[in-house]
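Here's the structure we're looking at; comments come further down.
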Amino acid sequence: MTLERTFVAIKPDGVQRGLIAEILGRFETKGFKLVGLKQLTPSKELAEKHYGVHKDRPFFSGLVDFITSGPVIAMVWEGEGVIASARKLIGATKPLEAEPGTIRGDLAVNIGRNVIHGSDGSDTAVFEINLWFQENELVDWNPSDQAWRVE
C-alpha cells in the first residue's frame, strides 16, 4: 500500500467545545502523520468552494454559514490507507448513526453539529488539500518512531 494524504477539519462546534486535543490524539494514536495544521475562520468564498458539490441543495447556505461562524482546525494527515481509515475514525455523517468509538459517535450532537469533516475519497482529498493549503504549508518529515508504525 502506498502513502496517501487526506484533509480533515475540526468544525467550529468542535473547536468551541474544546475537542481539538481529543481529535488530534485519535489520529496520532492510530499512527498517522500530521503534515499540515492551521487554525482559521474560513471566508465565505473558501466555504462555498469547499461545499460546492452541495451548491444546489437546500442546506448549502446553512453549511456555509456554519463553517464560517468561527475558527476551524484544518489538517492534512498522511499514512497508508489514511483516507478510508480517517472515514472510519470519524464515523457516519449523522451522529445518531455513528458507531460508538468513532469521533462522531462519541462526541457529536446532531448532523448540523457533527464536529468534524474528512475527505471522502482520493480525488476529494487532493481537491480539499489544495483548496485549504499552499504546498509550502505542508511539512515532509519522518517521525522518530516510524519503524514502529509500518513495515
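Glycine residues also receive a Cβ, built from the backbone N, Cα and C atoms like all the rest.
Annotated features, as they stand in Swiss-Prot:
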| type | residues | note |
| --- | --- | --- |
| ACT_SITE | His117 | active site, pros-phosphohistidine intermediate |
| BINDING | Lys11, Phe59, Arg87, Thr93, Arg104, Asn114 | ATP binding site |
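Positions of Swiss-Prot features highlighted on the structure.
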residue: Lys11; record: ATP binding site; DSSP (3 states): coil
residue: Phe59; record: ATP binding site; DSSP (3 states): coil
residue: Arg87; record: ATP binding site; DSSP (3 states): helix
residue: Thr93; record: ATP binding site; DSSP (3 states): coil
residue: Arg104; record: ATP binding site; DSSP (3 states): helix
residue: Asn114; record: ATP binding site; DSSP (3 states): coil
Listed ATP-binding residues Lys11, Phe59, Arg87, Thr93, Arg104, Asn114 - what's their greatest C-alpha to C-alpha distance in Å? 22
If we count other C-beta atoms within 10 Å, could you say which of the binding-site residues Thr93, Asn114 has the fewest? Thr93
Round to a whole number and give the Cα-to-Cα distance in Å for the pair Lys11 (ATP binding site) and His117 (active site, pros-phosphohistidine intermediate). 7
So if I measure Cβ to Cβ from Arg87 (ATP binding site) and keep only same-chain residues at least 6 apart in sequence, which ones fall under 8 Å? Gly118, Asp120
Return the residues near His117 (active site, pros-phosphohistidine intermediate) by Cβ distance under 8 Å, restricted to its own chain and a separation of at least 6 in sequence. Phe7, Val8, Ala9, Lys11
Neighbouring C-beta atoms (10 Å sphere around the C-beta of Arg104 (ATP binding site)): 22
Where among the binding-site residues Lys11, Phe59 do you find the Cβ with the fewest other Cβ atoms within 10 Å? Phe59
